[in-house]
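**Q** Take a look at what TrEMBL says about it:
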- 16-265: domain 'G-protein coupled receptors family 1 profile' (DOMAIN)
- 35-54: transmembrane segment (TRANSMEM)
- 66-85: transmembrane segment (TRANSMEM)
- 172-194: transmembrane segment (TRANSMEM)
- 215-235: transmembrane segment (TRANSMEM)
- 247-265: transmembrane segment (TRANSMEM)
Amino acid sequence: LHFVLFLGIYLAALLGNSLILTTVACDHRLHTPMYFFLLNLALLDLGCISTTVLKAMANSLWDTRAISYTGCAAQVFFFFFFFSAEYSLLTVMSYDRYVAICKPLQYGTLLGSRACAQMAAAAWGSGALYALLHTANTFSLPLCQGNAVDQFFCEITQILKLSCTDLYLREVGLLMFSAFLGFGCFVFILLSYVQIFRAVLRMPSEQGRHKAFSTCLPHLFVVSVFLSTGMFSYLKPPSISSPSLDLVVAVLYSVVPPVVNPLIYSMRNKELRGAV
């Protein structure tokens, strides 16, 4: 049952994101900054869900819960790499929408092909740096409280429970700093959308307002769910932690977004639906 459930989720994410990748790559009308960033988001979503779900599916099929030490370290690295890069990209996408709606005459200047490539590269690069920092910091700790990670993938909060030294507070501090940075990005996204909605409400055309809201509201929803569940998982007090709660929250921030993102961005976007 576990295998079939994860297989269905994974195939849905694979189909949705692959469809976006193929459509944006093949249709020249979609070669614009917004769809370029959407293509990068689809790539990151595929990486996100493949990092966690594939190993969980294999373990379910073979009736085991084993993962090697190096495999666990690799899973932590790629998990943080894809998810931090995705959050950086969502921040960039909010800036893209802000320029497109609030400064349309400067759109071609501020978001040319070179600028878009640099922003996408910065998102991927920051994700790699962030993942390297967390992985090196976590796996430099001595682990002496057993070897059972109480989660369907190697999650840093679960690994820290196996540590027997106060040095784990160093990683906790790093996670709190990361949460602070993430909240700063969220404030930037929120301010961008406040400006966007103010500009949209002044539009004389009802069709223009509908198009702007249809591309902006889903993005804001995705960012809110992504950040709130992730921060709750990593910053919640140990007193309210339980295996079932940890599992539900982990699924919400690690499995649901890669499946839901293609639906949100494609179903509410007339241009993308037409291209598909």
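Note that Cβ sites are derived from N, Cα and C of the backbone, with glycine treated the same way.
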**Q** Which residues of the chain, 6 or more past the ends of the transmembrane segment (215-235), have a CB below 8 A from one of its CBs?
**A** 34, 83, 86-87, 90, 93-94, 97, 101, 155-157, 175-176, 179, 182-183, 186, 189, 193, 196-197, 200, 246, 249-250, 252-253, 256-257, 260-261, 264-265, 268-269
**Q** Need one number: mean pLDDT over the domain 'G-protein coupled receptors family 1 profile' (16-265).
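**A** A mean pLDDT of 85 is what the model gives the domain 'G-protein coupled receptors family 1 profile' (16-265).
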